[in-house]
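Residues or ranges marked as peptide binding site in TrEMBL: Gln170, Cys171, Gln172, Pro297, Tyr298, Gly299, Gly300, Met301, Glu302, Arg588, Met589, Lys590. Residues or ranges marked as Zn(2+) binding site in TrEMBL: His326, His330, Glu349. Positions annotated as active site, proton acceptor by TrEMBL: Glu327. Annotated active site, proton donor per TrEMBL: Tyr417, in sequence order. Per TrEMBL, domain 'Peptidase M1 leukotriene A4 hydrolase/aminopeptidase C-terminal' is recorded for 494-633.
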Amino acid sequence: MTTNKSSNDQLKNESQSTRLFYDPNSLSSFNGYRIVHTHFDLNVDFNTNILDGYVQLDVEPLNNELCECSSTIKTENKEIPNNHGNQFVLDSRHLNIKKVLLKSNNTENLLSFQVDTERESLIIKMNDLSNDSIISIIIYYSTSNTKCTALQWLTKEQTADRKYPYMFSQCQAIHARSLYPCQDTPGVKSTFTAKITCPKPLTVLMSGLQTKYDENTNTFYFEQKQAIPSYLIAIAVGQLVSYDLSSRIRVWTEPSMIKQCQYEFEDAEIFLTAAEQLLGEYQWKRYDFLVLPPSFPYGGMENPCMNFLTPTLLAGDRSLISTIVHEMTHSWTGNLVTNENWEHFWLNEGFTSFIEAKILGNLDKTNGKEVRRFHAAQQWEDLKTSIDTWRPTHPYTCLVYRLNNIDPDDAYSSVQYYKGAALLWHLEQNIVGSESNFDEFLRSYIIKFGRKILNTDDFIQYFESYFPQVPSVDWQSWLYTPGMPPITHDFSTQLEQQCRQLATQQSSITKEQMNMLNPKQVAYLLNLLLNNQQSKINYDYIKQLDINCDMSKYSNCEIRFRWYQLCIRVKYEKPLDDIFKFLDIIGRMKFVKPLYTEFKSSWPEMMPRVQTFFDEHKKYMNLITVKQIEIRLNSQN
């Protein structure tokens, strides 16, 4: 079937190491040269808030035929040619490039280079190359202490224990280029090794396995034997302790939080085993994870061997385990099977969200189908909220959209997660009609595309070849049409209906009714109220709900941010101080973006206070979060 394509037919190349592809968010010469291994040798300086040292890139030149083809691709998109002739171009954002060397036969020769700040590129002249199949380029550099969007540096006062400074990275989507010069595209995967030195008594963690430690210099050595894209490079440095949850799972965090983490994530091995039963053997040896300070901008980040998680998951009742299940699932869908560029982000997040609900259902041996359907219902309501926020005609409510001259962060939302999950639900339930057959397809899909990259057309072709006899799919409506999916799924369950009845009843919700709900149901109920277009959701309704149910008692952040959003919408003043305290402490974008947006759209009289608060606090926030909030506060819509 012919579909709208965001890449050329000529990109279909069976060899993944030399597969040509298109990425509008990288000007690096990935179709002329391909990085196959990366080595870091860096010092962590908390006095200046920089990383300083060098990176060695082992590069495989692609053949001339491929280079000529890639030049055409980039020219069509009005970019500089991707093979660049005798130039090796890397993505580089606000890096201080000191010198560039060509390493060959144990000798190192200087290479001339140019930094193009406007295009965020490092251009290296590649004259007089040897005939080696692999070229080694050494780049001495340091990061910016003010403009490195990949790193957040915290003072000791910003940490939980307030004893030592802290640093962590977030490279997704295109922030790795501010951490090191690279081919900053998910379409290029590289193994890596690293040597990182930091002040005592701090610990370094990375998205690889630690291989060595030098106590005298406090130097940590790492290796990642599986090739990963630049967005999965991760580093964290701080006063960190760990606890072994199983023989292959370890949780890291600050000392004062380790007991909370031990309790909250005690069943992590059970989750990983359940994922293996559905998806096949775990390929990364260890599944360790780090619970970060609250300014971390996401719920989790699937960095291999060392997932990063937000402390907002520490609800005290294990009710928010779905996020760690989600990040675990990325070990297969995302880290093994990877979208070739960010226009096909749904292949990472849609698959992961769909499988996450399956695993949660499989974990419940008595009521699994209802648990899965209720989780899918939660995703559907979150999708409604996201599409209403964008507006249903916005191109970013398509599953596949164009990103020419667009930062992927600006298009990021739950659409790629939950509209993608809804498509896969449709394929399983309505097209294939058999959950067991679709599970077999998922496993074969991971085997087929594991350690590879793919785009949406690759997925469609594989699905249609795997299920040649099933009814046709309206790919155009699902993938390229904005708004809610073309088919509305019925996720009715007893859990869901209980919430929906409360959301639609004429009388106020009572304390007794609310106490009958579990935390996930309370969050879902508040979602239903947020999406309720009826006039009853007004000031008096919200005030009475608070009087009846004492909404301030909830510590679960998934409940609190939805409750706060409702309060802002109807201008309910009582929790205002709590809302600003929440915005002061929490940096997770899922929570803070909707609250700032709600203030802007629903409570304009409060905007002077909101703007002053943001201006005073943004210096403590992650740069990624700051940019996204500024976009919303400065928007004219």
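Heads up, the Cβ atoms here are built off N, Cα and C, so glycines get one too.
Features as recorded by TrEMBL, highlighted on the structure.
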residue: Gln170; record: peptide binding site; contacts (Cβ under 8 Å, 6+ apart): Ala150, Gln152, Ala234, Phe296, Pro297, Tyr298, Met301, Phe308, Asn622, Ile624
residue: Gln172; record: peptide binding site; contacts (Cβ under 8 Å, 6+ apart): Tyr231, Leu232, Met301
residue: Gly300; record: peptide binding site; contacts (Cβ under 8 Å, 6+ apart): Asn307, Phe308, Leu309, Thr310, Leu313, Thr323, Ile324, His326, Glu327
residue: Glu302; record: peptide binding site; contacts (Cβ under 8 Å, 6+ apart): Leu232, Glu327, His330, Ser331, Gly334, Asn335
residue: Glu349; record: Zn(2+) binding site; contacts (Cβ under 8 Å, 6+ apart): Gly334, Gln416, Tyr417, Gly420
* Report the mean pLDDT of the predicted model across the domain 'Peptidase M1 leukotriene A4 hydrolase/aminopeptidase C-terminal' (494-633), rounded to a whole number. => 95
* Structure fact -> Within the same chain, the residues at least 6 apart in sequence whose Cβ is under 8 angstroms from that of Met589 (peptide binding site) are Pro297, Tyr298, Ile624, Thr625, Gln628
* Densest Cβ neighbourhood among Tyr298, Tyr417 (recorded positions), 10 Å radius -> Tyr417
* Using only the residues recorded as binding peptide (Gln170, Cys171, Gln172, Pro297, Tyr298, Gly299, Gly300, Met301, Glu302, Arg588, Met589, Lys590), report the maximum Cα-Cα distance in Å, whole number please. => 17
* **Structural state census, the domain 'Peptidase M1 leukotriene A4 hydrolase/aminopeptidase C-terminal' (494-633) (DSSP three-state)** => 108 helix, 0 strand, 32 coil
* If you draw a 10 Å sphere around the Cβ of Glu327 (active site, proton acceptor), how many other Cβ atoms fall inside it, taking every protein chain shown into account? -> 25
